[in-house]
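**Student:** The structure that follows is given in the form of structure tokens.
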Amino acid sequence: MYIEMIDETGQVSAQMQEQITELLQFAAEKIGKQNKEMAVTFVDNKRVHEVNLEYRGIDRPTDVVSLEYKPESEIVFDEEDLLDNPELAEMMEDFDAYIGELYISIDKAREQAEDYGHSYEREMGFLAVHGFLHINGYDHYTPEEEAEMFGLQEEILTAYGLTRE
């Protein structure tokens, strides 16, 4: 999985970015999405508030904003077209590869790590996996969805070694 890391704050270390990249690659393998691409942008509360307002109509900062990429129009090709034209098949794979982007507020991550009594690294990892699952179709609107999504994110974090301390 290719993950573009963007640090708009200048405060997220290369080591932290690498750890989150590895964690998301691990999560991608866990749910069978290894051949996908995404972006993670680290921002402050002011910027995440702007993103929330622009894309979700939410007038406040949140810890993570997940923007799932959905093409405006679906391009449909007959399977024979793809078999006859390897270049077209490759182009379609690339087209389908980008799944979305995350905006993680480092301010909220610090606040929540302190509030929950665990490390900043654990909180950043939690937010990354939580957002990643959202852009892959997981949600927590119903108790059943919540149990599935939260169970999976805890399973991923624990298997990776990011437990609550």
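The backbone N, Cα and C atoms fix where each Cβ goes, glycine too.
Residues annotated as Zn(2+) binding site in Swiss-Prot, with sequence analysis given as evidence: His130, His134, His140.
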**Student:** May I ask you to report the DSSP-based helix, strand or coil state of His140 (Zn(2+) binding site)?
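**Tutor:** In three-state terms, His140 (Zn(2+) binding site) counts as coil.
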**Student:** Mind checking which of His130, His134, His140 has the fewest other CB atoms within 10 A of its CB? They're the binding-site residues.
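**Tutor:** Output over binding-site residues His130, His134, His140: least Cβ neighbours within 10 Å is His140.
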**Student:** Beyond His130, His134, His140, what residues of that chain have CB atoms within 8 A of the centre of the Zn(2+) site's CB atoms?
**Tutor:** Ser66, Gly131, Leu133, Tyr138, Asp139, Met149, Gln153
